[in-house]
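Annotated features in Swiss-Prot:
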ACT_SITE  His146  active site, charge relay system
ACT_SITE  Asp213  active site, charge relay system
ACT_SITE  Ser321  active site, charge relay system
DISULFID  Cys30-Cys82  disulfide bond
DISULFID  Cys40-Cys71  disulfide bond
DISULFID  Cys46-Cys83  disulfide bond
DISULFID  Cys131-Cys147  disulfide bond
DISULFID  Cys289-Cys307  disulfide bond
DISULFID  Cys317-Cys346  disulfide bond
DOMAIN    29-83  domain 'Clip'
DOMAIN    101-370  domain 'Peptidase S1'
CARBOHYD  Asn34  N-linked glycosylation site
CARBOHYD  Asn105  N-linked glycosylation site
CARBOHYD  Asn238  N-linked glycosylation site
CARBOHYD  Asn357  N-linked glycosylation site
SIGNAL    1-24  signal peptide
Amino acid sequence: MYSRRYVACGLLCLLVIAIDQGHGQEHKPCTTPNGTAGRCVRVRECGYVLDLLRKDLFAHSDTVHLEGLQCGTRPDGGALVCCPAFVNEPNCGPSVFGVRIIGGNDTELGEFPWMALLRFQARNRKIHGNCGASLVSKRFVLSAAHCFTAAKSKGWKIHSVRVAEWNFMNHRGSKDCKQVKGYDVPICRKDYDVARFVQHPEYRVNAGVHVNDIVLIELAADVEYNVFVAPICLPVSNDTAQLPWGSSDDPEIEYTAAGWGSTESGKESTGMSYQLKQINLRAFNKERCKKLFQVPSGVGVGLGHICAGGIRDEDTCHGDSGGPLMEAVGGVWYLAGITSFGWPRCGRDGVPGVYTNISHYMGWLEREMFRGILA
């Protein structure tokens, strides 16, 4: 093994003076030595490489791996590295039933096959389904950080992530599979153990405003895809990365939220619905949203948020936390946000719900997804 000081310096120097790789590669697609898709970027723009350079101890294999990541140079001689990047799976975000303009209706079976349910174990060992989540790949699920902090405050711990759940009443007793009329295969709910979960390091609550309310959950095994289980797309492609999610006040921007949350407005409504519901929501003016959820000092509603809704009785509610706020682009569903917080009484006229803006966190997500798995 080598000391961090000497090897890190040597590697940085090596990366900086490597001028024989060819110019003009910056921001172009590339492939890491491990076969993972990536983008050719500056060293300082790649959190994955920076993490490697910060390691306390280096082995020879680390040096070889970093050398293999070089993908070109800039005109000034600075090195470019192939930074692993999340790539949507080819068939993500399927629009099974088309894009429907509705509000507060039951979903169709298999309509949002990326919906997942977080299950927590209480002190008495009873299992509770308590928050929604979104499947984004065979191994990763996204939800809200506050789902975990709220569970921890009650002495609960994460038990599993369930996919292919649609209607709790369809699986009464011990039945995990149910044959549904009109489908060739049964719908089979399945629970996956959690390998790790990464809460955003700067998550906090400021005067009721949840900031950086996002958690990445890695499953212990690959999810099996079928007609009832598939990932939603993330805003990483060229045609979606530049969409004005979270910053546009255009009321024509339309989202869809889904979850098992309460269907009754009011502070006392804290239960969950048996049936997976969906609701159509329009973008809400960000400046008005900031004033409604004004904080006395510090960080409040900002770039990391999307505000949507504001029409009486059309809102996400208790139990919807962690679930997806979705936008359809070209007939494909993308994860725009994560249900975060709102007014204590759901569905109040003129008051929107607030969602974590996924596009704002793509850099952090990519960094955490690839942390430690490529070296």
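Backbone N, Cα and C define each Cβ position, glycine as well.
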For Cys307 (disulfide bond): intrachain residues, at least 6 apart, with Cβ closer than 8 Å: Ala283, Phe284, Asn285, Lys286, Arg288, Cys289, Val301, Pro352, Gly353, Val354, Tyr355
Minimum Cα separation from Asn357 (N-linked glycosylation site), reported as the residue among active-site residues His146, Asp213, Ser321 that achieves it: Asp213
Residue among recorded positions Cys40, Cys83, Asn105 with least C-beta crowding, 10 angstrom cut-off: Asn105
Candidates Cys46, Cys131, His146, Cys147 (recorded positions) with Cα within 10 Å of Cys71 (disulfide bond): none
Mapped DSSP class for Cys71 (disulfide bond), helix or strand or coil: strand
Proximal residue to Cys147 (disulfide bond) among recorded positions Asn34, Cys83, Cys317 (C-alpha distance): Cys317
Spatially closest candidate among His146, Asp213, Ser321, the listed active-site residues, to Cys46 (disulfide bond) (Cα to Cα): Asp213
Secondary structure content of the domain 'Clip' (29-83), with strand meaning DSSP E or B: 19 helix, 20 strand, 16 coil
